[in-house]
Amino acid sequence: MCAAGLAAAAAQSVYAFSARQLAGGEPVSLGSLRCKGLLIENVASLUGTTVRDYTQMNEPQRRLGPRGLVVLGFPCNHSGHQENAKNEEILNSLKYVRPGGGFEPNFMLFEKGEVNGAGAHTLFAFLREALPAPSDDATALMIDPKLITWSPVCRNDVAWNFEKFLVGPDGVPLRRYSRRFQTIDIEPDIEALLSQGPSCA
C-alpha cells in the first residue's frame, strides 16, 4: 500500500470522512449523505474540458438528485496547475470565465485540496486504495512526468482532472472512471444504482 493510503486504510466506507465546502462553514461529514448514491470528481476550473465537465456534472445532480444522487466536486491543482485560483476565487472563475455565462454549480463543491501524494485528502487516499484504476482505462497514468507535482507517486494515483468515483448508498466505492469517460455517460450506471433502492438500512 502506498504510504498516502495508510491514514485511510482502516475506513470501511466514505462515511468516515469529512470535507469543508467551498462556501465555508463547518466541515461536512460524508456520513450525513448515508443512503445516497455519490458521484465524486476531482475538478479544475482551467482545464481544457472544464466547460464540458462542469456542465455535465450539473445535469445528473438536477435530474437524479431527487432520486438520491449527490454529486461532489473537489478542486485540485495537481494536474497541469489548472486549479491555481484561491478558494474564494473559484466560484467567480466558474461564473465568469469557464464555463462562464453565469454558470453556478448545483452540486456540492469543496475546498481545494490534494488528491495524490503525502498531502492527499484522506477521502481520495481511501478511494484510490478501494479502486486502484479506472474501469475504462486500467493503464491510465499521468501523460507527462514533468507535470507530476506530488510525492510519493503511486500506481493508483488520480491521473488527471475530472476522474470520477461512483459510490453506493452504503458508502462503498463501486467504480472509477478516467478523465476520458464523460460524466454524462455514467448516467446508466447511476440509474442502475438508484433503481436498486437504499441498501444501507
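Including glycine, each Cβ sits where the backbone N, Cα and C put it.
Here is what Swiss-Prot records for this protein:
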MOD_RES   S32  phosphoserine
SITE      U47  site 'Subject to oxidation and hydroselenide loss to dehydroalanine'
ACT_SITE  U47  active site
MOD_RES   K86  N6-acetyllysine
MOD_RES   K86  N6-succinyllysine
MOD_RES   K112  N6-acetyllysine
MOD_RES   K112  N6-succinyllysine
MOD_RES   K146  N6-acetyllysine
MOD_RES   K146  N6-succinyllysine
MOD_RES   S195  phosphoserine
MOD_RES   S199  phosphoserine
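When Cα-Cα distances from S195 (phosphoserine) are compared across the recorded positions S32, U47, K112, the shortest belongs to S32. Of S32, U47, K86, K146, all annotated as recorded positions, the residue with the shortest Cα distance to K112 (N6-acetyllysine) is K86. When the recorded positions U47, K86, K146 are compared by Cα distance to S32 (phosphoserine), the shortest distance belongs to K86. Between the CA atoms of U47 (site 'Subject to oxidation and hydroselenide loss to dehydroalanine') and K146 (N6-acetyllysine) there is a gap of 17 Å. The distance from the Cα of K146 (N6-acetyllysine) to the Cα of K86 (N6-acetyllysine) comes to 23 Å.
A count of other CB atoms within 10 A of each Cβ picks out K112 as the most crowded of the modified residues K86, K112, K146.
All protein chains shown were included, and the count of other CB atoms within 10 Å of the CB of U47 (site 'Subject to oxidation and hydroselenide loss to dehydroalanine') stands at 20. Classification of K146 (N6-acetyllysine) by DSSP places it within a helix.
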